[in-house]
Structures are given as structure tokens and as C-alpha cells.
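Here is what TrEMBL records for this protein:
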type: DOMAIN; residues: 5-121; note: domain 'Ribosomal eL28/Mak16'
type: REGION; residues: 65-91; note: region 'Disordered'
type: REGION; residues: 122-144; note: region 'Disordered'
type: COMPBIAS; residues: 129-138; note: compositional bias 'Basic residues'
């Protein structure tokens, strides 16, 4: 079945749709959708080649679909690359960019880099805020 036909069948009714505002944008929670926007370009269900980037305990998990795999083979049709937390942002961004550089959905390169950056920022531990300094009359009063 062609990807256009798949999109026509699932675009109005699927379990991943998120319609928060009646007149607003329509979002999607499907796996492989990098921007979580409900559109044919970013759909993880209606495209034969998808890039899925998820956060895992060990770091980032980048999953792509092999284009020549059998439609009946679900697990062997996926190729997974793991990037450890400690390897840094430049390495993970390089791994994601290399997927697009090899010609595998180069139109999704910016979306994949944006998703990777957001996941890396969410994984970082936040620094404690420094204590507030006393200013003005209170600071002058505390000086002996």
C-alpha cells in the first residue's frame, strides 16, 4: 500500500490524535513523529522511512526503519543506535545528523536535531540557584 493511501486512511481517525483546541493545531502522539504535529511529512505511521528519537535510562535511543525489510518482520525491520548520557551533546547531534547525511529522510534533519537538543536539555540536572544577596538599606544595616 502506498504511503499516500495510508495517510488518507489514517489522517482523520487514529488513536494518536490530540485535539486540545477546536480551532487550533492538531497534534499527534505517534511513535516516529519528531515534531508531534499531525501531518503527512512527520507521520510515523504513514511513511516507509521514519526516525524515532526517544529518551531512555542510558541516554538517547535513535530508531530508524530499514527500507528493504519484510512488512511481516517488525523487530528485525528496525535499526537502533544508542547514545550514552555522558557522551555529550555534540556526539548525539552528530549521530542524528549523520542519519540525514546518509540520505535517510534528509528533510527531517532539522526536526531530528531539534528533538535531540530538547531531550538533552531535559536530561541535564539543573543547578541550584545561588542564595539571594541582601541589597539596599538591609545591606547597609548589616555592615558593622
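Just so you know, glycine gets a Cβ as well, placed from its N, Cα and C.
When DSSP labels each residue, the domain 'Ribosomal eL28/Mak16' (5-121) comes out as 38 helix, 25 strand, 54 coil, counted as helix, strand and coil in that order. Look at the region 'Disordered' (122-144): DSSP puts its residues at 8 helix, 0 strand, 15 coil.
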